[in-house]
Amino acid sequence: REDLWVREGKILNPEKLFFDEKGSADIQLDCKDSIIAPGFIDVQINGGFGVDFSLATDDFKSGIDLVSQKILSHGVTSFCPTLVTSPPSVYHQVLPQISIRDGGAHGAGILGAHLEGPFISKEKKGAHPEHCLRTFEAGAFQDLLATYGSLDCVRIVTLAPEMKRSGEVIRELTTRGICVSLGHSVANLSQAEEAVQHGATFITHLFNAMLPVSGRGHLPRTGIAFGALPPAPHGCAFSPARWGGAAARSAAKLTQPLPSRSSGLVLVTDAIAGMGLAPGRHTLGQQVVEIDGLNTYIAGTKTLSGSVATMDTCVRHFQEATGCSVETALEAASLHPAQLLGIEHKKGTLDYDSDADFLMLNDGLYVQATYIAGEEVWRQAASGL
């Protein structure tokens with residue numbers, strides 16, 4: 001019961017091997033009491049290690065390759081490269097260079113792009129450049145297509161649901177299998193619920209860039225956070241590096257899975273180009289940002305603009321801040337993002353026949369080794385395994 005069997009890149013039900021094939025393991029590995037967990041999936045990562053996914057450069061492909069390789073050490077086996085609000089020319093140049101691909105020794109798998117903006121609220125733009133924001137005009141969905149150029153590699157779009165004609169855009173995106181996330185928005189309760197009815201299933205960085213606390217409670221009561229979560233089938237993205245224990249506990253309670261929905265909180269890094277680099281000034285798309293601890297701000301302000309936290313750091317911080325079980329913390333970085341993208345049948349679990357993307361972690365939830373399709377792609381040299 002404590003063994004994990006892998007063959008041809010998949011997690012194997014050993015019953016058939018034992019009874020039908022009369023076989024046994026060709027290779028046995030002593031994991032020395034490590035925790036074995038599904039590989040982490042980061043659905044909101046803007047870059048890292050000096051690479052900014054929202055900058056159109058001649059060596060963009062080598063940049064995305066670098067990030068995909070580096071994040072293996074943080075337990076990320078699949079990710080969605082994320083572009084913040086940018087001019088149409090950037091989308092037209094960058095998106096054709098993002099290819100959905102399997103992971104391996106070369107790096108984490110790419111599940112498709114996450115486009116955060118530019119169809120968001122000016123009032124809640126956060127670090128997004130105001131001069132690049134757009135609205136849905138007469139063409140609605142055609143305006144979106146003209147802005148992005150192509151949706152071939154897109155998996156998630158974050159938009160503000162209070163924008164006129166957003167409903168038809170949400171419906172069209174969801175019919176194409178693209179997840180619609182609500183964020184950077186001043187939407188009220190009814191607008192948030194209406195967006196969910198149109199097909200929106202996610203919330204981008206809970207508590208950030210949305211209506212603040214109202215009434216006498218301690219949680220947002222009038223906007224996206226309170227309005228969309230109860231009926232939403234998936235939940236919300238939460239970057240724990242930004243928040244203390246109270247906010248993390250609130251997020252965990254708000255997104256507790258209900259009988260009618262299979263998932264809840266999704267941990268994301270929201271990492272920028274400065275992740276993995278020394279403190280200083282870096283970029284986030286069109287903006288210059290400064291690193292302060294695990295958070296980053298638009299230079300000269302206190303406006304949050306992503307983070308430099310790694311995914312394993314997020315998992316540890318969330319578990320410590322909330323007191324949740326280890327299983328709950330790990331599922332928020334693996335199972336829940338897989339459910340969000342509709343790939344839970346092959347990723348995010350250790351179920352039989354799923355992809356053998358898994359981690360070995362010590363009791364402190366530090367990554368000791370990373371495996372993709374059953375092959376070791378990274379190992380901590382000093383782990384002793």
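A Cβ is built for glycine as well, from the same backbone N, Cα and C atoms used for every other residue.
Quick look at what TrEMBL annotates:
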type	residues	note
DOMAIN	35-377	domain 'Amidohydrolase-related'
BINDING	Glu116, His184, His205	Zn(2+) binding site
ACT_SITE	Asp270	active site, proton donor/acceptor
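Ranking the binding-site residues His184, His205 by C-beta neighbours within 10 Å puts His184 at the top. Between the alpha carbons (Cα) of His184 (Zn(2+) binding site) and the residue listed as 'active site, proton donor/acceptor' lies a span of roughly 14 Å. A gap of 11 Å separates the Cα atoms of Glu116 (Zn(2+) binding site) and the residue listed as 'active site, proton donor/acceptor'.
Across the structure, Asp270 (active site, proton donor/acceptor) and His205 (Zn(2+) binding site) place their CA atoms 8 angstrom apart.
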